Amino acid sequence: MAPKAEKKPAAKKPAEEEPAAEKAEKTPAGKKPKAEKRLPAGKSAAKEGGDKKGKKKAKKSVETYKIYIFKVLKQVHPDIGISSKAMSIMNSFINDIFEKLAGEAAKLARYNKKPTITSREIQTSVRLVLPGELAKHAVSEGTKAVTKFTSS
């Protein structure tokens, strides 16, 4: 058997020769190292740094009912404004109601084994989802809107 080579302990480098990366990793006992800024997957430092050569990311369009809420508000009360928080609440309210109506209309179409949601399913779902007098007004306004749309 060949004799094993003796392992000599690695000589300690002087402090000034120690790379900056190693210094950053060493932290005092008991403290967590600071989190480094990480880029999302698929993004390079050149794009993040404001390099003009990279492609601009297209803005995702977000559809809201804010302009329509504002138009209705001005029809009903021309002298009253609305705060952005109240507008956001109204937008969420309309999204919730439409989601309930669409879900109910989908159920009705499924029950009747129809592949299509028609104005009849929407009208029935309005009667089921909205209470009493509100449902009557909604049905009459909806019928009026559909008639106006089909006549033009």
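Cβ coordinates are placed from backbone N, Cα and C, and glycine is handled just like the others.
Summarising the annotation, Swiss-Prot assigns region 'Disordered' to 1-60.
Annotation source Swiss-Prot lists compositional bias 'Basic and acidic residues' at 1-28.
Annotation source Swiss-Prot lists N6-acetyllysine at Lys7 (among others).
The feature N6-acetyllysine is assigned by Swiss-Prot to Lys37 (among others), with similarity to another entry given as support.
Per Swiss-Prot, the feature ubiquitin cross-link maps to Lys148. In the three-state DSSP assignment, the secondary structure recorded for Lys148 (ubiquitin cross-link) is helix. Sequence-distant neighbours of Lys148 (ubiquitin cross-link) (same chain, 6+ residues apart, CB-CB distance under 8 A): none.
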